[in-house]
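Okay, handing you the structure first.
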Amino acid sequence: MPHIVFEKKDLISTPSSKDGVDFQFIAQSYDFTKSNRKIEYRVATKYNNKEFLLTIKPKDENLMIKSDKVTRLSPVSLIKDSLNAYVKENSSRIIFSNTNSFKAEKEQKHKYLKDINYFVDEFETNKEIQIEIGFGSGRHLLHQAKSNPNIQFIGLEIHYPSIEQLLKQLEIQNITNVLVINYDARLFMEFIESNKVGKIFVHFPVPWDKKPHRRIYSNEFVNEAFRVLKVGGTLELRTDSRNYFDFCLELLTNLPKGKINIDINKDLEVSSKYEDRWKKQGKNIYDLTLTSLNEDKAIDLSFDFSFENSINLKDIISKIPEKAIIVNNYFVHIEELYTILGKENSGLIKVTMGNFDRPITKYILIQEGKASYYQGNPLPTSSNIDAHKNLKEILFK
Ligand SMILES: C[S@@+](CC[C@H](N)C(=O)[O-])C[C@H]1O[C@@H](n2cnc3c(N)ncnc32)[C@H](O)[C@@H]1O
């Protein structure tokens, strides 16, 4: 991680600029838990039209500057140039630095690899969507995409080497109807419009016999799958694990929706690596297909994450809970507070919140009584929305 240790001096004054890097303000930590934490600073920085924070903290009798983990952006040259610019502006003697070995990093993003913001803000298709969860080697997904050029496929994986392998194959085989995302499938469906999906394939998911909470299938997942499936659309589980099959069957039977179909040792047109392995071992392969029979309500991804105006930071400080607030499907934990130097009623609140499986950490910037999320709003997932409402309730009411 790029950082510079430099001789302690007064902080630079802000706003100021050096080598094209703007330093907008500096905020100092405020020990609201009264636990004698060492003072740290966050430097609000703007460079190449991107805003992020740098951290300054004591290092022995000197100071160290590095990027703030939560707001860090790529490429790393953004950070290295900003660290160099700060220390130069401060005219400080450098004790240690690893910010000069910069090799031009070419960020080659594949055109079919998308991030979650793309699915929230831009994704639109008139085609039927089909989704494969945990595509692994990608054999099944590639086969489906080649056989159904009029369908828009989305492949979800959390294992990056599998993603790279699939992207390579898309290029080699000139397949253009697959979008790929590195995202936890249990949380992805929230961003897909209702009644758009023809099929969701879940082939040989990890059974997680000892940690069932990590399984793809859960009440929430099946309900979301139902919502995105169009009438006649199917959620298709294929597994060698009798345990997992029984667990999913019970889940589906308890939901009074859809039609269930069961098969054993059915042959598909394409067999995955895992499937080959299990077949060689003489294991049974179970298929559990759920067909959606009803139209579902549309969802609204345009939740308003704004805060009320005329906020009083002193008031907020007195209301910060020392412990995390935990509610059924979400939590809110205020971790740190910073006050902006030289500015009345202005600060940064660092909060971790949302879903337990995919928490987010954000800064809330308060400037002259107005609050907003630094670097933009959280994703509009149901748990982020609930956490935001709760946060407003605790701090801003
Ligand atoms: C046992 S492999 C099966 C791969 C492939 N479907 C096949 O049949 O060969 C399970 C795959 O699911 C992926 N996976 C596990 N949990 C996931 C999650 N929450 N979201 C997306 N993918 C996941 C794993 O990385 C792994 O590649």
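Keep in mind that glycine also has a Cβ here, set from the backbone N, Cα and C atoms.
Because the structure is a prediction, the values reported are computed rather than measured.
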The S-adenosyl-L-methionine site in TrEMBL lists Glu132, Asp184. Which one of Glu157, Glu220, Glu224 belongs there according to the record?
Glu157
Asp240 (substrate binding site): which of the binding-site residues Glu132, Glu157, Asp184 is the nearest Cα neighbour?
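Out of the listed candidates, the nearest Cα belongs to Glu132.
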Under a three-state reduction of DSSP output, how is Asp240 (substrate binding site) classified: helix, strand, or coil?
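Where Asp240 (substrate binding site) sits, the three-state DSSP reduction gives coil.
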Listed binding-site residues: Glu132, Glu157, Asp184, Lys210, Asp240. Which have a CB under 6 angstroms from an atom of ligand 1?
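Once distances to ligand 1 are taken from each Cβ, Glu157, Asp184 fall under 6 Å.
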So if I draw a 10 Å sphere around the Cβ of Glu157 (S-adenosyl-L-methionine binding site), how many other Cβ atoms end up inside it?
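There are 24 of them.
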Radius 10 Å, atoms counted are CB only; among the binding-site residues Glu132, Asp184, Asp240, which position scores highest?
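Selected residue: Glu132.
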Going by DSSP, is Asp184 (S-adenosyl-L-methionine binding site) part of a helix, a strand, or coil?
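Looking at the DSSP assignment, Asp184 (S-adenosyl-L-methionine binding site) belongs to neither helix nor strand, so coil.
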Which of the binding-site residues Glu132, Glu157, Asp184 has its Cα nearest to the Cα of Lys210 (substrate binding site)?
Asp184
